[in-house]
Protein chains: 2
Amino acid sequence: MSASYIQAPAAEMLELLEELSAFSAPGDGVTRLLYTPEWKKAQQFLLDRVRESGLRVYADSVGNVYGRLTGTRDDGKVVLAGSHIDTVVNGGKYDGTYGVVAAFTALRYLSSVYGPPLRTLEAVSFAEEEGSRFPLTFWGSGNVTGLYDGSEAKDCRDGEGVTLQEAMESCRLGDQNPDAPRSDISTYVELHIEQGIVLEQTETQIGVVSAIAGQRRFTVTVKGTANHAGTTPMGLRRDALAAAAEMVLQLERFAIEAGDPLVATTGRLETFPNTPNVIPGEVVFTLDIRHSREDELEAFCSSVASAFEEIAKRRDVALDITLRLSASPAPMNSGLRAELEAICLRQGKTYKAMVSGAGHDAQLFAPRCGTAMIFVPSRGGISHSPEEYTPPEELAAGLEVLIALLYKLGYEETDEDGLVPQNTKERWT
Amino acid sequence: MSASYIQAPAAEMLELLEELSAFSAPGDGVTRLLYTPEWKKAQQFLLDRVRESGLRVYADSVGNVYGRLTGTRDDGKVVLAGSHIDTVVNGGKYDGTYGVVAAFTALRYLSSVYGPPLRTLEAVSFAEEEGSRFPLTFWGSGNVTGLYDGSEAKDCRDGEGVTLQEAMESCRLGDQNPDAPRSDISTYVELHIEQGIVLEQTETQIGVVSAIAGQRRFTVTVKGTANHAGTTPMGLRRDALAAAAEMVLQLERFAIEAGDPLVATTGRLETFPNTPNVIPGEVVFTLDIRHSREDELEAFCSSVASAFEEIAKRRDVALDITLRLSASPAPMNSGLRAELEAICLRQGKTYKAMVSGAGHDAQLFAPRCGTAMIFVPSRGGISHSPEEYTPPEELAAGLEVLIALLYKLGYEETDEDGLVPQNTKERWT
C-alpha cells in the first residue's frame with residue numbers, strides 16, 4: 001500500500017465527516033447528545049450509508065452501529081475499530097466522529113480493493129462516551145465490554161428527568177441484539193484526535209498511544225474563619241483562600257517536579273462567602289491528577305495529601321480531601337504499538353509514543369483484549385469546542401495508518417511476532 | 001464622675017438597644033435596611049422615646065434623627081455624637097445602633113444630672129451607613145457633611161428598581177429641614193463596637209481610635225488559556241488559577257512583612273470556566289488594602305502591582321488591575337484622643353490606641369471638624385452577623401467614657417490645651 005492509493009477513501013471519509021456534522025442541535029459547533037433526534041438521525045444516516053457500501057450493517061440494543069466484513073477464515077473472533085458518535089454541548093465535529101468515519105471508510109476501502117479479509121473486521125459507531133446528557137459515561141462501549149449490563153438505564157435520568165431507558169426506547173435502531181457483553185472481540189483499534197497540543201508543538205503526524213492515563217479526582221475543602229477584611233490584623237487571620245492558594249501552587253510545583261506524563265490540575269475553586277471585604281472562611285476546590293502508571297499516580301497523590309496537611313496544620317485551618325473518581329491506567333498492547341511504529345516508518349510518517357491524558361472507549365477494551373490507539377494532531381490543542389480542528393491532510397494520514405493496521409490484522413497470512421496481542425495469539429495462527 | 005453614677009444610664013441604654021433590635025425584617029439577627037417599614041418604626045420609636053426624655057427632638061430631610069441639648073452659651077456650634085441605625089442583611093444589634101443609643105442616653109443622663117450644658121450637644125441616629133439596600137454608603141452622614149447633596153436620590157435604585165427618592169418620600173419623619181450640609185458642627189464623637197478581635201485578644205476595655213484606615217479596592221483579572229486537564233503537559237500550560245494563587249500568596253506575604261496596621265485581603269475569587277477537568281483560562285479576584293497612612297498605602301499598592309506584573313510576565317498570562325475604590329485615611333483629632341486617654345486613666349480603664357480598619361461615619365467628619373472614635377470589644381471579632389456580641393459591662397464602659405468626654409466638651413468652663421480641635425478652637429473660648 002502506498003499513500004497514493006488512499007486519496008479516494010480520504011475524500012470519502014472527509015465527506016462523511018461533513019455530512020455527520022450537520023446532525024446537531026442548534027447553536028455553535030456540534031451538539032449531539034445521546035438519544036436525541038439529531039443523534040438518531042446521525043446513526044440512521046450511518047446505517048443507510050454503510051448498507052449502500054456493501055458492508056453487513058446492524059445496530060445493537062443500546063444503539064451502537066456496526067459494519068461487518070466477515071472473514072473467510074472466520075473463527076468467531078472480531079477485530080473491531082471505531083469510536084463514539086455523541087458530542088459534548090457545543091463540541092467539535094472531530095472528537096469521536098473522526099474515528100467512526102475512518103473505521104467505516106477503512107473497511108469499505110479494504111473490501112473494495114482486497115475483497116473479503118481472512119479474519120472478520122468490524123467498524124463501530126458507539127452510542128455514547130462523553131457523559132454529556134446522562135450522569136454516566138461510556139454507555140456505548142460500556143455495554144459491549146461489560147462495564148454496564150443495561151440495568152442502569154431505569155434509574156438514570158437526564159437534567160429534565162427523562163430516564164435513560166425511556167430515551168433509549170424512543171431511539172431503537174434495529175432489532176439485532178448481540179450478547180452483551182460481547183465475548184468475540186479479540187482486538188480493538190481507535191483513531192482519535194489528540195485533544196492536546198503535543199503533536200502540533202513537536203510537528204509530529206501520528207501519536208502512537210502507549211497508555212491511557214489513570215486518573216484520580218478529589219474535592220478539597222479548607223475551612224478557616226470568615227472575618228472583617230479591615231479589622232482583622234494579618235497575624236490573627238485563618239484565611240481559607242490563602243491556604244488554598246498555597247495548596248494550588250504546591251500541586252503545580254510537585255507536578256512540574258514529577259515531569260511528564262504526570263499532569264495535575266485545579267480546575268474548579270469556590271470561595272465562601274466570596275465578598276471583597278470579608279476574609280474567606282471556606283474554599284472548596286478540585287484536584288484532577290493523571291499518570292500512565294498506577295504506582296506513580298498513587299505515590300504522587302500521597303505526597304500531595306501530606307503536603308496539604310502540613311500547610312493546613314501550619315495555617316491552623318481544617319482540611320478535608322475526598323476521593324471522587326479513581327480510574328486505573330490502561331496500557332495499550334505492545335505488539336500493536338510496535339506494528340503502528342513500523343507502519344509509520346514504512347509510510348514515511350513522523351510519529352511519537354505518547355500517553356493519552358484524556359479518557360477514551362479504548363480504555364474499556366484494554367483490560368479485555370489487545371487494544372491500540374492512534375492520535376492525529378489537534379490544532380492549538382483545542383477540543384470540546386466549535387474551534388476543534390485538524391487539517392484534511394492530517395486526518396488522511398491517520399486514516400492511512402488505520403487502514404494499514406487493519407490490513408495487517410485482517411488480510412495478512414502470517415502472524416509476525418508482536419503483531420497479534422499475546423492474549424489472543426492462538427486465535428490468529 | 002465615678003462609675004457608680006452611671007449604672008442607671010447603662011441599664012437604660014441596654015433596654016433601648018434591646019427595644020430597637022426588635023425592629024427587624026424576618027430572619028436571623030437584625031435586618032433593618034434604609035427606608036423599610038422596620039427602619040421607619042425604629043427611627044419613629046427613637047423620636048418618641050427621646051421626646052419623652054425632655055431633649056428637643058427633630059429629623060432632617062433624609063431621616064437622620066437628632067436629640068438636642070441647647071447650651072446656655074449657645075454660639076451656633078454643636079458637639080454631635082452618634083452613629084447609624086441601619087444594619088446589613090442578617091446583621092447584629094450592636095453595629096451602629098450601640099453608638100446611637102449611647103449618645104442619646106449620654107445626653108439624657110447629662111441633662112438630668114447637670115442640667116443644660118454651656119455648649120450645645122446633639123445626639124444623632126444617622127439614617128444609613130452600610131450600603132446594604134442602595135448602591136451607596138453613608139447616606140445619613142454624607143448628606144450632613146456634604147458628600148451628597150440629595151440629587152443622588154433620583155437615579156439610585158435598589159435591587160427591585162425602587163429609587164432612593166421614592167423610598168425616602170415614603171418614610172418622612174419630620175418637616176424640619178436644616179441646611180444641608182450642616183455648617184454648625186464643631187466636633188463629632190462616635191462610639192462603636194470594634195468589629196475586630198484586637199481589644200478582646202489584648203484584654204483591653206477601650207480602643208482610642210487614632211485614624212480610620214484609608215482603603216483601596218482593586219479588581220484583578222488574569223487571563224491564561226483554558227485547556228484539557230488531561231492532555232496538556234505541565235510545561236505547555238498558561239494556568240490562570242496557578243498565576244492568581246501566586247498573586248494571592250504574594251499579597252499576603254507583603255502584608256505580613258509590612259506589619260500592622262496594614263491589612264490586605266483577597267475576599268472574592270472567581271475561576272472560569274470552573275470545571276474540574278479544564279485548566280482555568282481566566283480568574284478574577286479582588287484586593288482590599290487598608291492602612292492609616294496615605295503614603296504607606298500608596299507605596300504598598302505599587303509594590304503589589306509590580307510583583308503581580310512580574311508573576312504575569314513569568315507565567316505568560318495577561319494581567320489587568322483596575323482601581324474600584326480609593327478612600328484616604330481619616331486621622332482622629334489629637335486633642336480629643338489625649339482627652340479620651342486621660343478619661344480612661346481617671347476611670348481606671350484599660351485602653352489602647354488603634355487604627356480602625358473598618359469605615360465609619362466619623363471618617364466623613366474628620367476632614368471637616370474635630371472627630372473622635374471610641375471602640376469597645378467585639379466578642380470573637382465577629383460583626384455583620386447575628387453572632388455579633390459585646391457583654392453589657394463592656395458596653396457600659398464605653399458609655400462611661402462617652403459621657404465623660406461629652407461632659408468635658410459641653411459642661412467644663414475651661415478649654416484645656418489639646419482638648420478642643422484646633423480648627424474650632426476659637427469657637428470654644
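Cβ atoms here come from the backbone N, Cα and C positions, even for glycine.
TrEMBL: automatically predicted annotations, no manual curation.
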- [ ] According to TrEMBL, A:H84, A:H192 bind Zn(2+) 1; so which of A:D60, A:D95, A:D158 is the extra one listed there?
- [x] A:D95
- [ ] Determine which of A:E128, A:E130, A:E413 appears in TrEMBL for the same Zn(2+) 2 site as A:D95, A:H384.
- [x] A:E130
Task: A:H384 (Zn(2+) 2 binding site): nearby binding-site residues from A:D95, A:N277, A:R290, Cα cut-off 10 Å - done: A:D95
Task: Near chain B - the binding-site residues A:H84, A:E130, A:R217, A:N277, A:R290, filtered by Cβ distance under 8 Å - done: A:R217, A:N277, A:R290
Task: Least buried by Cβ count (within 10 Å) of the binding-site residues A:H84, A:H192, A:R217, A:R290, A:H384 - done: A:R217
TODO: State the count of C-beta atoms found within 10 angstroms of the C-beta of A:N277 (allantoate binding site), not counting that atom itself.
DONE: 21
Open item on the list: Using the alpha carbons only, what distance in Å do you get between A:E130 (Zn(2+) 2 binding site) and A:H84 (Zn(2+) 1 binding site) once rounded?
Closed with: 9
Open item on the list: Going by a 10 angstroms cut-off between Cβ atoms, which of the binding-site residues A:D95, A:E130 has the sparsest surroundings?
Closed with: A:E130
Task: Of the binding-site residues listed as A:R217, A:N277, A:R290, the one whose CA lies nearest the CA of A:D95 (Zn(2+) 1 binding site) - done: A:R290
